[in-house]
Amino acid sequence: MRCLTTPVLLRALAQAARAGPPGGRSLHSSAVAATYKYVNMQDPEMDMKSVTDRAARTLLWTELFRGLGMTLSYLFREPATINYPFEKGPLSPRFRGEHALRRYPSGEERCIACKLCEAICPAQAITIEAEPRADGSRRTTRYDIDMTKCIYCGFCQEACPVDAIVEGPNFEFSTETHEELLYNKEKLLNNGDKWEAEITANIQADYLYR
């Protein structure tokens, strides 16, 4: 059996391509190809008006100037964006931001160490330790939130029976180290003291739906 060299093989393939498919019938001339419809193919209109319009668009760059005119029109409109961080948009009363522990007007901590927030947290970001006081009430000795685990679902705020743990209006609390996002009780109480007015207003605005 003779082995075909590369030049011979290439010549054979070229002759087969010129001869067409077996049977001598091309796909483009078959009955199936005759039924094809070119949906997006449009023949250009050749009447005088259409030819003149196409020539004007090509020679005078009408579409280019139309686009430039639209761009210039937006320069004199009211901007749709704000200059953050110097300007800030409104926040919903239901906005879930940085966590905080609240106090009563007397200064007493609201948290009763029921641990419902710790139990309901799907990310297991909350750690609570508590002990009874001399008057028989329970108060937390440790209240930690790992903000790197928190998913800001708001379940802790919804589960709290005394509105102690809340998610405040602050969303600007980026840090440079991981340790700064490990909140302890003191940090959470300071947040509550700082944002108490806004938190109270948000709770009152949303009381019908709580």
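Yeah, the Cβs are placed from backbone N, Cα and C, and that goes for glycine too.
Quick look at what Swiss-Prot lists:
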type: BINDING; residues: Cys111, Cys114, Cys117, Cys160; note: [4Fe-4S] cluster 1 binding site
type: BINDING; residues: Cys121, Cys150, Cys153, Cys156; note: [4Fe-4S] cluster 2 binding site
type: DOMAIN; residues: 102-131; note: domain '4Fe-4S ferredoxin-type 1'
type: DOMAIN; residues: 141-170; note: domain '4Fe-4S ferredoxin-type 2'
type: TRANSIT; residues: 1-34; note: transit peptide
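Considering only the binding-site residues Cys121, Cys150, Cys153, Cys160 ([4Fe-4S] cluster 1 binding site) has Cys121 as its nearest partner by CA-CA distance.
In this structure, the CA atom of Cys150 ([4Fe-4S] cluster 2 binding site) is 12 Å away from the CA atom of Cys117 ([4Fe-4S] cluster 1 binding site). Cβ atoms under 8 Å from those of the domain '4Fe-4S ferredoxin-type 2' (141-170) belong to residues 91, 95-102, 109-112, 114, 116-117, 119-131, 178, 181-185, 188, 191-192, 195, 198-199, 202-203 of the same chain, restricted to positions at least 6 beyond its ends.
The domain '4Fe-4S ferredoxin-type 2' (141-170) scores a mean pLDDT of 96 in the predicted structure. Within the same chain, the residues at least 6 positions away from Cys121 ([4Fe-4S] cluster 2 binding site) whose Cβ sits under 8 Å from its Cβ are Phe155, Cys156, listed in sequence order. All protein chains shown were included, and the count of other CB atoms within 10 Å of the CB of Cys111 ([4Fe-4S] cluster 1 binding site) stands at 24.
Put plainly, the binding-site residues Cys150, Cys153, Cys156 were compared by Cβ crowding within 10 Å, and the winner is Cys156. With respect to their backbone Cα atoms, Cys117 ([4Fe-4S] cluster 1 binding site) and Cys153 ([4Fe-4S] cluster 2 binding site) stand 12 Å from each other. Take the binding-site residues Cys114, Cys117: by the count of other Cβ atoms within 10 Å of each Cβ, the lowest one is Cys114.
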